[in-house]
Amino acid sequence: MKDDFNDEEEVQSFGYKRFGIQEGNECTKCKNDWALRVAIALLYVLCALLTIAVAVLGYKVVQRMDNVTEGMQNYGGKITAVETDLKKLDDQTGEKSENATSELHSFKLEFQTLQKQLSDVIVKTSNNRAVLKELQLAGEDMQSGHLSLRDLLESNANVISKVNHTLNTYNSLIDGLKTETARLQSDLHVQTSEQGQNSHSISTLNFTQTQQRNLISSLQRSVEDTGQAVQKLKNDYQSLQQVARQTKADADWLREKVQNLQALAANNSLLTRSNSDSLEDVTSQLTTLSEQVQNTSTITDSHDQSLRELMDQQRDHDNATSIRFDALEARLDSNEGEMDRITGNVSFTTQLLRAISTDLNGLRTCSETVTRHSELLHGLNNSVAETRAESTELKAQQEELAVRLDKEVSSLSIVMDEMKLVDNKHSQLITNFTILQGPPGPRGPRGDKGSMGLPGKTGPKGEKGEKGAPGDAGPKGEKGPAGPPGVPGLKGPPGSRGSPGPKGSRGSGGRQGPSGEKGDPGIPGMPGRDGQPGPTGPQGPQGLRGPAGPAGLEGARGPVGPIGPPGPPGLPGLPAPPIVVPPVDPQGFVNRQVAPPPTTTPGCPPQWKGFREQCYHFSAPMESLNFDEAKERCSNLSSSMLIINDEEEQLWIKRQISGKGYFWLGLKWKPGQPDNWSHGHEAGEDCAGLIHEASWNDFFCTERIGFICERTNESKVPVL
């Protein structure tokens, strides 16, 4: 279009000098003025006619060009409509066209890509047909599997009905066991009340026995004091006897020798009589003391006999209660075994039902995938049919556009040929005329703004942009079906030992032990001093020296000396066997625990046992605590609760606690664990403990059983 307008401007503004017509003196020489004027007028007329013709031709050309531009705009609108249709098709098929331009080459390329895509879709449909055939075969297999699963479900239903029947029977048995356990609990309550009465009577007997022991010890002390007094009296009596003998000898010697001393002898006889009276009083006191000692001995013998009878009765009662408790424990063990079998059967049935439910879920998902695939294939078939129809429509529209473009191009070529012919004619007509070039005319008004050109080619694909920010989190999906139980994990390594707790408060003082046996008698005292020499007699006449006589008789033994100091205390006697009252826990389990004997393991505190590099403290038989109290007690002992790490430690613990009841372990379930079975209670069994043969089980944390504390052996701690 621009070239055509430029040609018009050149036609309107070109000069005639190029045709050889020039202004000069030759025309004035050949022609006159009149001819010149006529020629000039004719030239003006011809110029006017030419301008009119050129204007008419320009108007026609402009009109034709307006028609052509309107047609091009219409074609552009149609092309944009085709592009929008192609974009819609791209949106429906999920593919994006990159080069959608107004050129035929781009249309051909797009149609080739569409043909390739159609061929790919045809290949995919053929593949999907094979997949459909495979899915049909799988569906047939699934139908057969459904039939087999139905048979399995029917068989499982029969098994479940049988299991329900057995559960009903077990329920009846459990009801009977509940009645028996209620009766046993009532018996246990009666026995506990009797045992409490017996313990009260035993405590009263122990109190009376301690009082009797105190009385006996006081009587023994009084007897010892009386014995010492009697010994002193005996010594005095012997000294008095010696004095009496001496006085008798003196009296005889005086009767024989001196008569004038009769008054003195009479006085001496009075003195002896008074001494004999005092001796008689002492003997009467000794007889009364001996009678009192005999009475106390008879009373102590009667008390000892009653205590022996009470001990025998208590021993018989303990034996009977232990036998009954053993029978109850055996029955409870059998009941626990039956309950374990029942729970095993129930768990097996639940596992079967879970497996069946997982299979059904898998079948359901398979059927859903099959239906989804069938819907997708149906949608693909519909989309393929639509793409085929649209491709045929596009081909028809393309052919029509090609025909129209060919017509328009041919018409434009004809117009251009006509314009060239007109230009040639104009050039031929103007060859014989000289046209003076006039002054340039005024600038014409600005033309209207042309129509918007066609869109250019699509540029190359840009670089990949940066990754956008993550979108908002989607809504939480529905909870999926519970998966099958996983394989139990490996046992984790033992945790690091905690820091030792603060030192516990000092325990209460123990009971006073029984008094020891009577010590051995002391060493006999030194022999008494010799008696006083008698009064010197009158010197007789010196007789003749006689022969040496025989040796005289041995003199009388002197009086017994004072009692020596008491000897060292004797060795402590054997302690009496403790009276063990078996505690009863809230569920009726009886703890038959025996106090472990004290050990002297190096590096371990007293009453602790050593094994390898650890020290263990076993609770006393009467010491039953719940889990939190046991944990606090172990922390007060600068230790922690027992955690078994290997089989050797478990075997050693098994040997130590055999027949001693249940003990706490330092393990506890987390909230919501699978084995937190409530068993008809509000809270679950969250704490672990040791039962028969050192096997562990979960208990209620409020139960009161024994506990075991452990700590490192101080002698085996490496020195840094």
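Note that Cβ sites are derived from N, Cα and C of the backbone, with glycine treated the same way.
Here Swiss-Prot has Ile643, Asn645, Glu649 binding Ca(2+) 1, and the candidate from Glu703, Glu710, Glu714 in that same listed site is Glu710. Out of Cys634, Cys687, Cys701, the record in Swiss-Prot bonds Cys709 through a disulfide to Cys634. Your range for coiled coil, going by Swiss-Prot and the list 95-120, 173-198, 589-614, is 95-120. Residues 377-408 are the range that Swiss-Prot records as coiled coil, among 345-376, 377-408, 665-696. Cys615 (disulfide bond) carries a strand DSSP state (E or B).
Asp686 (Ca(2+) 2 binding site) sits 6 Å from Cys701 (disulfide bond), taking the C-alpha atoms as the reference points.
Cys687 (disulfide bond) counts 23 other C-beta atoms within 10 Å of its own C-beta, drawing on all protein chains shown. Of all Cβ atoms in the protein chains displayed, 23 besides its own lie within 10 Å of the Cβ of Cys615 (disulfide bond). Of all the recorded positions given, namely Cys634, Glu685, Cys687, Cys701, Cys709, those whose Cα is no farther than the 10 Å limit from the Cα of Cys615 (disulfide bond) are Cys709. Summarising model confidence by region, the coiled coil (95-120) averages a pLDDT of 66. In the three-state DSSP scheme, Cys709 (disulfide bond) is classed as strand.
Taking a C-beta cut-off of under 8 Å and a sequence gap of six or more, Cys604 (disulfide bond) has these contacts in its own chain: Gly610, Cys615, Asn713, Glu714.
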